[in-house]
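Heads up, the thing below is written out as structure tokens.
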Amino acid sequence: MDAQQNAPTAPEAPAVPGRMTEAYSAGGHDYTFAEFGVGPGGTARNPAAAEWVRAIRQGFHQAEPCEETLERTLSWMHAERVRLRGAYPHAVPEAALPTDRPVASFASWEGSVNVGRGRLLRARLISEVTVRPTHSRRGLLRRLMTADLDRARRDGYPVALLTATEATIYGRFGFGAATFLREVQVDATTRLQLKAPTVGTVEMADGDAVRRLAPVLFQRFHERSHGSVSRVAYHWPEYTGEYQLTPQKPDPEIRCAVHYDDAMQPDGYVTYRFEPNTSYPLTLTVVDLVGATPDVSLALWEFVTSLDLVDRVRFRRAPVEDPLAWAMVDRAKYRVTAEFDEVWVRVLDPVAALEARPYTPRGRIVLSLVDSMGYADGIWELDTTSGRPVVERLGDRPRTADDDAGRSVPAVELPEGADVAMRVDVLGSLYLGAVKASTLEQAGLIVARDEDALRDLQDFMETPTAPYGVTHF
Ligand SMILES: CC(=O)SCCNC(=O)CCNC(=O)[C@H](O)C(C)(C)COP(=O)(O)OP(=O)(O)OC[C@H]1O[C@@H](n2cnc3c(N)ncnc32)[C@H](O)[C@@H]1OP(=O)(O)O
């Protein structure tokens, strides 16, 4: 790429990497949007992608990347075939960052989400969204998001997923908070007493070996745990201490242990770090805990709470409905210190998304979906009477004043013939069963024909367990 560096003015569009997607002017600036991938050969062969990585680290207030961080980031992005998007300014004033450093970034790649009964649904995963503060609120994010979701819809992805830094940003793009996690603290001053004996055995393990084993064990968890999202290559060095992209060095304090079944086959692992033991209570932080089955996770908890010189154990990725709290003899030793949203779901194709997940009731319900970006807008019928869900688009919904005004978060009205109506972000929140329809109706987010219609919706969307995943991306 040969974009002009530090040019005071540039009369025409800069040369951008990959494919130019759009030219755009706002706030007195001209921008070119581009889309590209990461090839083999690291920074030497991908200078535009390296500049893009510098931009995202700046956007998240992280240190300028060292060579190893750049190589590792480009390596996982190449392996996962990540699509990078950027907005490039045509001109920058003296001393400003160069024109080949994008002022806005956006990445997406293919992954999967477990939608229940072990079904893995293809999903577009979105991350690394940044807009340089001096170029924000000019519509750059909206353009990047629209381009990527358009492409994902064309490529047949039923849903897009992201994890959000702020809860206020993504509803307008049709994303709804769909899985939640807890930060918990378990008092470990006395060995954890569980109501039933745990299974298998635990052995301390070598970090390199766990790094090789972890993707396989995670896959078993992913295929079992409804709500789980696939991981990518950068997670393993991060969670086993080999290398952390922030603060750009190994973490030799991370220790690992593996759980084995009765045949001594590995079926889970935990990685953890002792916090500096200069203050009390002595604290162990669990970095990653993955059990192929819930009883394996309990055994791993028993292990970390039985270590000497540990007064309490912290974990930031515990399930909202945590079997551990119920398995403990003394539940008072389990304390929830925070609860937060994790994965946000955006339904792009209601037929593919709603037909993919399982339902318990047999019946039929008509949903009116409001989607200001258009993909899921309309009236849809979900019919499970045959035992297999069939979803059909019945037609358009009547336009409203908010539609005509082009509002990104329009009001919801119940059209003739529909049982329930909601915006598509609300469907995203219901999709994996994290929240009851009645709660969302009480929050003013669902309009139902009557109580029966609301109960039907609730019965359809409810899942046997709360969705749970341990992937942050
Ligand atoms: C999936 C992820 O990667 S999460 C990480 C998100 N990134 C960050 O938090 C890094 C710091 N923040 C930023 O980089 C930017 O401020 C961004 C990406 C949040 C927003 O980028 P911008 O280019 O300013 O957004 P843009 O101007 O396109 O606004 C799009 C819409 O979002 C709204 N919006 C933008 N930022 C926010 C915000 N922080 N809170 C609420 N609404 C917001 C705008 O009002 C606009 O609404 P409208 O289209 O309905 O009128």
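The backbone N, Cα and C atoms fix where each Cβ goes, and this holds for glycine too.
Where the annotation comes from TrEMBL, it is an automatic prediction and has not been curated.
Summarising the annotation, TrEMBL assigns domain 'N-acetyltransferase' to 54-197.
What TrEMBL records for V129, T130, V131, R137, R138, G139, L140, L141, R142, T165, E166 is acetyl-CoA binding site. Under the three-state DSSP scheme, R138 (acetyl-CoA binding site) falls in the coil class. Within its own chain, R138 (acetyl-CoA binding site) has A26, G27, H29 as residues 6 or more apart in sequence whose C-beta sits under 8 angstroms from its own.
As annotated by TrEMBL, active site, proton donor applies to Y170. Counting every protein chain shown, the Cβ of Y170 (active site, proton donor) has 23 other Cβ atoms within 10 Å.
Proximity of F473 (active site, proton acceptor) to non-local residues of its own chain (separation of 6 or more, Cβ distance below 8 Å) is seen for G111, L125, S127, L162, T163, V229, R231, V232, given in sequence order. The annotation active site, proton acceptor is assigned in TrEMBL to F473.
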Determine the most Cβ-crowded residue among the binding-site residues V129, V131, L140, using a 10 Å radius around each Cβ and all protein chains in the structure. L140
Just the recorded positions from V129, L140, Y170, F473 whose C-beta lies under 6 Å from any atom of ligand 1, please, or none if there are none. V129, L140
Taking the Cβ of E166 (acetyl-CoA binding site) as centre, how many other Cβ atoms lie within 10 Å? 6
If you measure Y170 (active site, proton donor) to R142 (acetyl-CoA binding site) at Cα, how many Å is it? 10
Might you list, by sequence position, any residue in that chain lying six or more from R142 (acetyl-CoA binding site) with a Cβ less than 8 Å away from its Cβ? F173
